[in-house]
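One structure is given below, encoded as structure tokens.
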Amino acid sequence: MRNPKSFCVVAGFVRLPKSSLGQARYYSIPNDVSIPASKRKFIPSSGTYPKGFLVAGAHAGVKESNTQFPDVALICSETPCSAAAVFTTNKFQAAPVQVSKQVLEKRQGTGIRGVVINSGCANAVTGKGGLEDAKMMSAKVDECNGTPSTGPQDTSTLVMSTGVIGQRLPIKKILDAIPTAHSNLASTHSTWLATARAICTTDTFPKLLSRTFTLPSSPNRQYCLAGMTKGAGMIHPNMATLLGILCTDVPISPSALKALLTHAVSRSFNAISIDGDTSTNDTIALLANGAAGGEAIITTSSPDYAAMQTILTSFAQSLAQLVVRDGEGATKFITVRVCNSPSHADAKVIASTIARSPLVKTALYGKDANWGRILCAIGYAQGIAEGTVVPERTSVSFRPVDGSAELKLLVNGEPEAVDEERAARILQDEDLEIVVDLGGGQKGEKGLGGEEGLYWFCDFSHEYVTINGDYRT
């Protein structure tokens, strides 16, 4: 989400010498040609999608500069769903966030028919008029579904928007596009992929995943999970410029669904960072229509719940990681793993602090094994329990992607003699893992725990500054 006045279409950035993977950014993705070659490997060539869900995109022209490409998306279920969502913690919550919260609260997470999304305008900080626009979008989808609402407070469709902050939606264009999208609803892979494209802004590729699985109570029954997300900048925990829609055909109660989503998001979408900014619109929604049948997941104590929690969390992590891989100007994908912590929460705080550090991010862009910056970030992490970080027990290393031995940088608070040539080779790779061991490898020692926290982030490049300097903020 970007701030007021105009949306700047950025094209044709000059390639900077040190940036090998960053790409020019456009308002939306027009066709396959515009997708960078290095990113095409992340786009699925096929998929299996949950029963009873239909999707489509349509062109509304939310931005005047967009004369042909889809910028309105629909995800609809043929039957009412259980639904849960996690929203931005930003105090200036956009109109679609407020309306979606109202829909879920009014219906207590049941009877939801789908989601409508527009890209190009955030409908944030737009007052009562913006709220009415979001409600009209929800009501229009209900009308197309043949279940018109009895009033603006009784809709069954969630609403999401992404784009420029402080501008009103061209609501007539969007309301005209919704029936067009609805008439094209389908369940093919190409339609899912096109719908994922329709929600993009500065993304360089559409982010879509799907998978099949079974559950303990129905080992011979195939279930499906699909998800799409968008985001490339203003990404930081507790939701940033990030939209995500996950759908499954497993029957799940609203309370169990909420618990599943909360657990998964805390370990996925709330464990990524690109630039540390938290925005106004961000929403991750999970819909379950039960179309595949089988025993419903009602409580959090069942074997099916435990299995679904593992499946959903892993899936959400994979989806969230695609956002980091598309970070604005990014040349690296970094995993930071903090282990041997007394608590998962403290491990995650430390990992988050490292991921947010501009000095760490710029050092990695420069291929500099400057472990002092990592150590500094560990040392100033806020809100962790006393005794979590003990300098004499702390170790830091780089874990290469080729499976070779870790490059130890710091062991039990003492610096290692770093092989700079090997460090340079490791830092040439796109992927890197930083391991922070708070127990000096002494897992189980009194006062230490075995808890772990993971975080995913990217580096800061010259191109990040170029993109955001040219994009009205």
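Every residue, even glycine, has its Cβ placed from backbone N, Cα and C.
Per Swiss-Prot, substrate binding site is recorded for THR201, LYS230, THR241, GLU328, ASN468, THR473.
As annotated by Swiss-Prot, active site, nucleophile applies to THR241.
A strand conformation is recorded for LYS230 (substrate binding site) in the three-state DSSP classification. For LYS230 (substrate binding site), the same-chain residues lying six or more positions away in sequence with a CB closer than 8 A to its CB are SER119, THR162, ALA196, ILE199, CYS200, THR201, ASP203, LYS207, LEU242, LEU243, GLY244, VAL323. In the three-state DSSP assignment, the secondary structure recorded for GLU328 (substrate binding site) is coil. The number of other CB atoms found within 10 A of the CB of THR201 (substrate binding site), across every protein chain shown, is 27.
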